[in-house]
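S.K.: Below is a structure I'd like to ask you about.
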């Protein structure tokens, strides 16, 4: 293990509150700039901006008093920690560190884009609370990310989702007040998208956020996720592994990291059963959140150096192993990303390198899915001891 591994990789910022304010500031400062401008003509020194900002436009009483209290739930988004994988990574010649998006306020990486897409549309004057009806197709996590932001800002939200997604997703979405329309699971995300467009056309004052094509999706990862990984690894990351759903995470994060170091390798993950990025055909699979069955507009394939295929069964088994061996309760797509990272970590040419892997969502929202089916059935059969 490389010598730097022995030292904790801590943030340059003093408090989580400080870092979360910066998440909010960096997004607002960039609203008027297109993603291409951020990536091209304007050079943004993200490590210094993200870590050492010393002023904010206005300060609440809690900030003035020095209390470490967020002003609202949106300030809790981002700045998630990284942790090394240990037992499960035995046999790897590289070191693997997971970016724990499971520790977002609503437990998934989609909290970032739920916030960014709504704020971006507000700043452009396209939506307003109490008037606009937000509409979006989702596999669940983006819907949840939108639902808690919509609830906190006063929007009505209508979501379309394939009926194959977990029961927990339905419950959470409705708990936040979202209206949920289930679609034919055989049609996958394409069916959910089609239904959302139908609702949009028949609903007054409706606005669709279009996570698969909205530039605010990859932009927030370029502004926050990428800089966070770069900062927390002290720029020592060699390889990034991430699943491909909307394409936002891998595009925005990968683009930022490659700007810092062009030698960093960006590796995407897709289901074997729906391997469209590898030249295959779309098909049903069990890895919720990735493998939409089409190439999303937000995905910049030029950012990626490689795409690895992981089967549903492999992803499920790896996610279960992460809970048992690492104490990390994660979703199926995290299992897919972890296995891909482990495969890359065993390649001889990667000896001593640092691999970052994104764990997109928390496992508790998969309790009714195949991921924990055997455990659930066992628990349902349990009887009290008399």
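Glycine is no exception: its Cβ is also placed from the backbone N, Cα and C atoms.
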S.K.: For the pyridoxal 5'-phosphate site that Swiss-Prot describes with 245, 246, 247, 248, 249, 333, which of these is also annotated: 79, 86, 95, 141?
M.R.: 141
S.K.: What Cα-Cα separation, expressed in whole Å, is found between residue 333 (pyridoxal 5'-phosphate binding site) and residue 110 (N6-(pyridoxal phosphate)lysine)?
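M.R.: Pair distance, Cα basis, whole Å: 13 Å.
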S.K.: Take the C-alpha atoms of residue 247 (pyridoxal 5'-phosphate binding site) and residue 110 (N6-(pyridoxal phosphate)lysine) and report the distance between them in angstrom, rounded.
M.R.: 12
S.K.: Hey, how far is residue 141 (pyridoxal 5'-phosphate binding site) from residue 110 (N6-(pyridoxal phosphate)lysine), Cα to Cα, in Å?
M.R.: 6
S.K.: Looking only at DSSP and grouping its letters into three states, which state does residue 245 (pyridoxal 5'-phosphate binding site) belong to?
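M.R.: Once the DSSP labels are grouped into three classes, residue 245 (pyridoxal 5'-phosphate binding site) ends up as coil.
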S.K.: For the recorded pyridoxal 5'-phosphate site, enumerate neighbouring residues of the same chain (Cβ within 8 Å of the Cβ centroid of 141, 245, 246, 247, 248, 249, 333, site residues themselves excluded), in sequence order.
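M.R.: Apart from 141, 245, 246, 247, 248, 249, 333, the close residues are 109, 110, 142, 211, 243, 244, 250, 289, 290, 360.
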S.K.: Would you mind checking how many other C-beta atoms are within 10 angstroms of the C-beta on residue 141 (pyridoxal 5'-phosphate binding site)?
M.R.: 30
S.K.: Give me the non-local Cβ neighbours of residue 110 (N6-(pyridoxal phosphate)lysine): same chain, 6+ apart in sequence, Cβ-Cβ under 8 Å, ordered along the sequence.
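M.R.: Spatial neighbours, sequence-distant, of residue 110 (N6-(pyridoxal phosphate)lysine): 141, 142, 144, 145, 360, 361.
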